[in-house]
Every structure is written in structure tokens, then in C-alpha cells.
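Data first, discussion second: the structure below is written as C-alpha cells.
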């Protein structure tokens, strides 16, 4: 495991804009992929006559290895730059990608948004149905302020490597981001050609008009997030394994506090108590884990069937909050008609996804000022900002956003789409017995 500081990175963007190729390029140039795997991917791509697809094949190979593998794969995808050690969480291309992005984004420290500059592709991504738009909105909700936009496929613009097209995309995407509250002075743009690696790890000979940093240099300008070590322990569980000869091994990322070997811990909402026998990250044993660490930990006294993805770990003297009801400030991002009391979307918060019923529309807010514009509105429609109360249908752990940001921001999904996004301003706790 590298001694460099570690950052979690997510790669987002519209389908077919070149996410896999970009990730493959980074991993090949700076990653931990052995030559053999690269050769196999190249041969598989050649057989199909798709030389340029070798990166996507490479990722598929890694994904298969991951799915077949018995190892707890927190290795995800790793690469190093001069300054940092990166883990790419959730390689793209999943049909559950938005769902994964919601849970993944809540663990990410930074994002690369891949946008194709090719005529028609860029426009599709920015259309109302487009994922470029959807992912920008979700990145904002999930608190991802560190964003690098890789404007890809610059070799396919008309004419190729067209500076005018690049500038037009930078302007439009920046404008859209500003409308959702991004500080675009902090967003970085770079024109790239992923298969060839132009402006990714080396300067492009084809775009002399661009003299800014490469993607890799931008990655080194990212900032490390503050580590909330002095806050109470919170670890949203991503997966639970039962490993023969070892026992129960939950996997997740420490969001706040410190977990030490020997600690007594509680899993909420189940209320199950166990003791930490060992902790590891990227196959390296550790005595303690801090915020930002992706870990697997072996627990004595808890069985795999007792706990699941979406549970949250804390210490018994300050257990994670189970919500009877919670109040949130939401923005309705998409809805064909209107939503009223009783509406029940699926709430995706940290690694959990639970249906929650709207129990009260408290007020509608003026989006510009945040002041109350209407008390107890009858319904909400697309574009509305409101204070709403939700009642979870099944036990759910959430926290106030200002106390534990990663456990207090969420997305509302329905009909396969993101309906809204929000942050939790208040939680009415449910009584749970800790046993």
C-alpha cells in the first residue's frame, strides 16, 4: 500500500462518452495492472476488430476477476500520481450506475466527469433525459465539489481538435453547473482523447492551443478532505461477507470517528453488538481505521444474517440514529406531474436505499433566498424547493446533514429516475434496543 495520501475518485458521465476508456488509460499508464492482463485485453479487442475497445475489455476483465474473486475487493481500481494514491470507486457502465453513483458518490472525494465533444453525443448528454445533467446534479447533492471535467473525443469534433467546440462545451457546462450552485472557479476542464492518452498523462501534440495542465496534473491539484476523527464513529456498510475460518466481515468506508481493533461496536438499525477482531484495507492489516479508509473488518458476536448493506456501525455509547421520521430540504429535479402527501419514493442515503413516505409538505421555499414562500403546499412540482417530512417504511439510519454530512444527504428515486435530492435538517429518533 502506497505511503502517499489517499483519495477516492468516481468517474461519471453519459453512456458511451468514454468513461471506461479514460479509466483504462489511467490504470494502464499509472496503475497496478500487470502486463499479462493488458495483453489479454488487447488480444480480445483485436479479435473483435476493436482495437480502441481494449480499455473497456481491460475493465471488464478486472470486473470479472472481482466478481469471481474470493478476495474482499476493496482494491477496486487503483493508480498513483506524483502526489496521491487513488482508488476509483465503481467503474462505470452498470445499469445500476445511478444507484451506485449515489452510494458511490457519498464515498468519493472527487469526480471526473467525462463529456464527449462529438456532435450529437454531447447534446444527448445535456438533454433533459441526459446523464451528463443528471450526474452533475447528483454530484452536487452528494457534496462533490471537487470536479474535473474531461472533454473527451476531441479527435472526433468537426474539424478534429476544434478549440471553438471545446470552448462552447466549457461555457455551456459551466453555466449549467452554476445554476445548481457549483462554484465553477473550482471546476477544472481539460480537452482529452482517451484512447490515445492526449492530455491525460502526457501533453497533446494535436491541441497546441491548450496550454493548461493535463488530467493527471489536475488530479494532483485536488485537496485532501478534512478528517472528522473527533466526531462519533459512523461506518455505513457496503457489503457483508462470511469467510470460512475468519467469520463475519462487513465492508465499508469510515465516514467519521476512529475504529480500533478490540472496539465494541453496534450495528444499527439492528441493534446488534459485536467486537472488532481485525481490520484491513487493500489487503493490509491495520490497528485502527480513520475517515476515508475503505475497510473490511472481522466482527465477533455478529452473524452475516444479522446485518446488511445500508446498516451503520457506531460505538454503543453514541449509536447511529434510527429515524422514526425525518425532515429534509429537497429540490424536485424531475417529475412528470406533481408530488403530494403520501408520495413514496426510494430514498438513497449513504449505502442504504429504503422507501420513505412523504408524511407532510411543511413549506415551499423561494429557491433564490431560501425563505419560506408558502406554508403547507398541496403539492410540489419539478423545480420546487421545499421542506418535507418523510417516514421510512423500513428501519433506516440517517443523521442531520450539519452533524454528519455523508449520512444526511440523499437522492429520491422513482420510475428509474432521480426525482429529487435533499439534505436532512432534523431527525425524530426511533427507540431501538441495543442487544
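Cβ coordinates are placed from backbone N, Cα and C, and glycine is handled just like the others.
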Correct range for region 'G2' (source Swiss-Prot, candidates 64-68, 69-73, 74-78, 79-83): 69-73
Residues flagged as region 'G4' in Swiss-Prot, choosing from 148-151, 152-155, 156-159: 152-155
Which listed span Swiss-Prot calls region 'G1', if the choices are 13-20, 21-28: 13-20
Helix, strand and coil counts within the region 'G1' (13-20) (DSSP): 2 helix, 1 strand, 5 coil
Local Cβ density at residue 20 (Mg(2+) binding site) - other Cβ atoms counted within 10 Å: 22
